[in-house]
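Data first, discussion second: the structure below is written as structure tokens.
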Amino acid sequence: MFKITVFIYVLQLILPSKVHSSPVPDSDNGLREFPLSIVHINDFHARFEQTDELGGQCKPTAKCVGGYARLVTTVKKLKEEGQNTIFLNAADNYQGTLWYNLGKWNVTAYFMNLLPADAMTLGNHEFDDKIEGIVPFLEVIKTPIVVANIDDSLEPTFKGKYTKSVVLERGGRKIGIVGVIAQNTDNISSPGKLRFLDEIQSVKNESKRLREEEKVDIVIVLSHIGLDHDYDLAEQAGDYIDAIIGGHSHSFLWTGDNPPGKEKVVDAYPVEIVQTSGKKVLIVQASAFARYVGNITLYFGENNNLIRYAGAPVYLDSDVPEVPQIVEEMKAWEEFVHEKGNEIIAESRVVLSRENCRVSDCNIGNFFTDAYVHEYVTSHTGPYWTPVSVGLMNVGGIRASVDRGNITFSQLITMAPFENTVDTFDLSGKHLLEAFEHAVTVPNRLGFNGQNMLQVSGVKLVYDVTKCEGQRVVSAKIRCQKCDIPKYEPLDPEETYRIVTASFLANGGDGFTMIRDNKKNYKVGRKDYDVLINYAKYSSPITIGEEGRIRIIQ
């Protein structure tokens with residue numbers, strides 16, 4: 001039976017109906033093609049075990065997909081089937097499940113070393129446990145680490161642990177791999193005294209050096225800056241680069257009908273960007289959470305011009321066999337994780353979904369922010385009904401949906417893995433309004449995507465994102481705190497409001513510097529998972545829905 005399953009899976013990998021291919025106009029007069037197969041993953045986020053189709057914890061009654069054992073099966077098979085294959089990892093291997101909370105860098109390095117990549121860049125989440133949490137990983141990982149835009153002059157422990165690029169040889173040709181990380185990593189993680197340099201200029205400089213000094217034939221950028229920024233990078237990094245293997249934005253790219261999973265298609269696979277010189281640069285990305293492995297073959301002419309390409313992401317559905325060695329290696333870790341993770345916290349009679357969190361209020365966002373407010377209502381002994389009536393949550397901190405049924409400790413950690421504290425502070429209405437404006441100002445060439453959206457409790461917001469930045473809040477109403485009967489009143493820029501939120505946001509994460517720089521009477525609270533556990537038990541069975549707290553005109 002196993003042999004039959006493997007045979008069917010191999011057929012799925014090579015059937016042309018699932019492969020997108022296209023010619024690229026070529027000025028190369030050579031007749032011989034050089035194929036370069038690139039197998040790639042990104043944003044693994046500690047999904048060692050199989051998940052449900054949305055990347056959350058898989059329950060016995062659900063359809064399970066992905067997981068590291070299937071990922072290894074697929075990567076090995078694609079490497080064997082490809083031509084001059086390279087395997088690239090576009091970062092954010094850290095953070096996302098109880099596996100990481102308990103095993104940290106140790107478990108990540110252990111399993112990544114069972115399937116070393118030819119190159120790996122670093123992502124923002126690799127710095128979530130500060131410099132001390134990444135240096136040990138860099139010291140033991142068997143994969144070359146490439147990042148071109150880090151200045152480590154003030155972090156001596158980081159020196160010598162990575163390079164700007166690496167040169168691989170395949171079929172007699174030299175392939176340069178240049179790494180790049182998001183320039184705002186210091187705003188969204190904890191990288192100590194590292195400085196992050198301009199992404200485009202850093203890639204341009206290193207790619208030029210590779211072409212001129214190392215005499216490489218092909219340059220691939222291994223990027224963890226997000227699809228929007230990859231568009232800009234492809235346009236502006238010069239004709240030194242040929243393709244970008246991306247991550248960070250969890251973008252599912254697909255060409256054609258009938259994508260295999262439940263992911264929303266963001267753009268084509270690959271995206272084609274035409275530079276002003278006429279050169280085409282390709283961009284690929286493979287969603288997130290070990291549900292897909294990217295697979296593309298680039299065909300170059302004798303003069304190293306891109307002629308054509310073929311490929312598509314491979315979906316790791318339940319038909320993909322798991323590598324027995326990996327399954328066996330995981331058992332000891334699973335026992336350790338499951339002992340804590342299988343504890344039942346509460347019951348939910350609704351799906352707690354993050355799907356719409358960037359474009360409206362979502363019920364999981366309502367659950368988070370209501371939990372934050374509830375934390376302080378229950379311990380309050382003073383006048384009025386609460387010491388804090390407004391709860392805020394950055395959507396990037398909500399990491400997974402949860403299906404209806406029992407909620408375990410492991411699922412809750414997967415929802416909120418970052419171990420923030422739930423803190424309170426005073427903020428003027430003026431700066432609160434600035435925060436609401438910042439939540440909808442991130443540009444996106446595919447249309448508004450709410451990258452920095454805030455989920456809220458005790459707030460009613462109407463946005464018009466067709467208006468100019470800084471003028472998009474049409475209406476903002478705040479639930480009163482110092483009142484006998486809670487009601488919503490227009491936000492007053494001169495009023496002072498008591499706010500509760502995660503420490504990440506309170507300290508200016510995601511660019512919310514107006515909160516960091518203007519908060520008063522700051523008090524640190526309990527860990528977020530303790531707050532969420534307490535509220536889940538209080539609310540069980542959970543029935544929260546979408547309540548129209550946020551409305552967006554676009």
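Backbone N, Cα and C define each Cβ position, glycine as well.
The following features are taken from Swiss-Prot:
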SIGNAL    1-21  signal peptide
BINDING   Asp43, His45, Asp92  divalent metal cation 1 binding site
BINDING   Asp92, Asn124, His224, His248  divalent metal cation 2 binding site
SITE      His125  site 'Transition state stabilizer'
SITE      Asp128  site 'Transition state stabilizer'
BINDING   Arg358, Asn394, Arg399, Phe418, Phe504, Asp510  AMP binding site
Query raised in the report: Listing them in sequence order, which of the recorded positions Asn124, His125, His224, Arg358, Phe504, Asp510 have their Cα within 10 Å of that of His45 (divalent metal cation 1 binding site)?
Result: His125
Report summary line: DSSP says Phe504 (AMP binding site), in three-state terms, is helix
Report summary line: Around the Cβ of His125 (site 'Transition state stabilizer'), other Cβ atoms found within 10 Å total 25
Query raised in the report: In angstrom units, rounded to an integer, how far apart are the Cα atoms of Arg399 (AMP binding site) and His125 (site 'Transition state stabilizer')?
Result: 12
Report summary line: Ordered by sequence, the long-range same-chain Cβ contacts of Phe504 (AMP binding site) under 8 Å (at least 6 apart) are Asn394, Gly397, Phe418, Asn420, Asp510
Query raised in the report: To the nearest whole angstrom, what is the C-alpha distance linking His248 (divalent metal cation 2 binding site) and Asp43 (divalent metal cation 1 binding site)?
Result: 7
**Report entry** Euclidean distance between Cα atoms of His224 (divalent metal cation 2 binding site) and Asp43 (divalent metal cation 1 binding site), Å
**Finding:** 9
Query raised in the report: If you count the other Cβ atoms within 10 Å of each Cβ, which of the recorded positions Asp43, Asp92, Asp128, Asp510 comes out on top?
Result: Asp43
Query raised in the report: What's the CA to CA span in angstrom from His224 (divalent metal cation 2 binding site) over to His125 (site 'Transition state stabilizer')?
Result: 11
